[in-house]
């Protein structure tokens, strides 16, 4: 059934725009250039406003998810990476549940990736229609069918650009993946902005700067009571404070520390005697994939809940899914869940919120740990990183594990890889929860993603440099 499904969508995949694989080896300097161009296009799209919108000043229903999904409200990057990640989530769940079967052949892998891209484009259209029809840019009846269609086309073209930029990097023209690059850029930009933002906000305490560090110097300069000024800089509510900044740095350090945890399995060449090596199985075996997929799941749940709340306010089942409230305290207007399933799947705002509603905190912890472990375990089956796939790769390289025959390698790898995937997913979820409870800037999920992505790029740079043999190749 699975192969038939992939064969059915094959004609549709053939007409999709595609980036061709490079016919030659792309040099490191070229990869850096293409990565910079990709990032530049993304950042430009983040600043170009959508043409035709009447208003985007209403409460932002996806404020909490924008950092993670690399989206920017009212611009071409309104959807961010949400369509790509959502399509990946759907295809992974279908493959993990054996509803579709993905073989080991390059043909099946290519069809699977094509199906993911096709679903990504369909989801882009669907999300664009939902955003417009729910009144995010103004009343659709007042805007008219022409303007509504124009906004949908803009969002679709922008979504297609993101898909192709991601594919450009994944095909080997650049470094890493577009998804990772866009997420890390967005999160780091948010952290820097929250620390140094010169924007002023009117609060009950008077006019204050949004940036935590700028606010520290401003409070020390304007307050006569310096001790009180310091206390306010560390603990002020509804705006970034120094405690949030310290928590962010602490979480960065903890995640980098855990990145070094791994088990090295001894392997040796079956062809050449005396040639030994190790195969590392990291604690974060699936890296940040579990947290990305978990974010996609929650964001789509938010979209559905917001849409239903707008159309069927007061309905019991809709309220069971989620009830929402608007706030503009200490920043832009935003909507946040105050009841229903969406409330329990959203992180507590602070450690004080944990004490106020421990049931909410407990359900959130269980959801984060369980979903990250589940996505981590299922991801290895569809991404070519399971014990069977690794054993096949070692066999192709004519490498065997010390003290084991080729036939027993899969059994030995099965002792480590599924455990590393599940436990690594649990750790990722646990660290994300810890960062949320500490009040880290950019959310716990965002910090986890930023650190793991930056570490991935560090490893890519080290690998490229080792292949070139010297640091000199970094310079023109």
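From the backbone N, Cα and C atoms, a Cβ is placed for every residue, glycine too.
Feature list (source: Swiss-Prot):
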TOPO_DOM  2-33  topological domain 'Cytoplasmic'
TOPO_DOM  54-76  topological domain 'Lumenal'
TOPO_DOM  97-117  topological domain 'Cytoplasmic'
TOPO_DOM  139-144  topological domain 'Lumenal'
TOPO_DOM  166-172  topological domain 'Cytoplasmic'
TOPO_DOM  194-240  topological domain 'Lumenal'
TOPO_DOM  262-288  topological domain 'Cytoplasmic'
TOPO_DOM  310-354  topological domain 'Lumenal'
TOPO_DOM  376-420  topological domain 'Cytoplasmic'
TOPO_DOM  442-445  topological domain 'Lumenal'
TOPO_DOM  463-476  topological domain 'Cytoplasmic'
TRANSMEM  34-53  transmembrane segment
TRANSMEM  77-96  transmembrane segment
TRANSMEM  118-138  transmembrane segment
TRANSMEM  145-165  transmembrane segment
TRANSMEM  173-193  transmembrane segment
TRANSMEM  241-261  transmembrane segment
TRANSMEM  289-309  transmembrane segment
TRANSMEM  355-375  transmembrane segment
TRANSMEM  421-441  transmembrane segment
TRANSMEM  446-462  transmembrane segment
Report task. Could you check if the transmembrane segment (421-441) is in contact with the transmembrane segment (77-96), meaning 3+ Cβ pairs under 8 Å among residue pairs at least 6 apart in sequence? Result -> no
Query raised in the report: By a Cβ-Cβ criterion of under 8 Å, what residues six or more beyond either terminus of the transmembrane segment (173-193) are in contact with it?
Result: 19, 22, 26, 30-32, 34-35, 38-39, 42-43, 66-71, 80-81, 84-85, 162, 165-167, 210-211, 248, 288, 292, 441-442, 446-447, 449-450, 453-454, 456-457, 460-461, 464
Report summary line: The predicted model's mean pLDDT over the topological domain 'Cytoplasmic' (97-117) is 75
Query raised in the report: Excluding the flanking five residues on each side, which residues at least 6 beyond the ends of the topological domain 'Lumenal' (310-354) place their CB within less than 8 Å of a CB in that stretch?
Result: 57-61, 63-64, 134-135, 201, 203, 210, 237-239, 298, 301-302, 304, 360-361, 363-364, 367, 433, 436-439, 443-444
**Report entry** For the transmembrane segment (446-462), distant same-chain residues with Cβ under 8 A (at least six beyond the ends)
**Finding:** 67-68, 175-176, 180-181, 183-184, 187-188, 190-191, 248, 251-252, 255-256, 259, 284, 287-288, 291-292, 428, 431-432, 435, 440
Report summary line: Same-chain residues at least 6 beyond the ends of the topological domain 'Cytoplasmic' (2-33) with CB under 8 Å of its CB atoms are 95, 98-103, 108, 111-112, 114-115, 117-118, 121, 160, 164, 167-168, 171-175, 464-465, 468, 473-474, 476
Report summary line: Tertiary contacts of the topological domain 'Cytoplasmic' (376-420), defined by C-beta under 8 angstroms and 6+ residue spacing from its ends, are 91-93, 95-96, 102, 104, 109, 112, 263, 265-271, 276-277, 279, 281-283, 285-286, 289-290, 293, 428
Requested in this report: Would you mind listing the long-range same-chain contacts of the topological domain 'Lumenal' (139-144), meaning Cβ under 8 Å and 6+ residues beyond its ends?
Outcome: 52, 54, 132-133
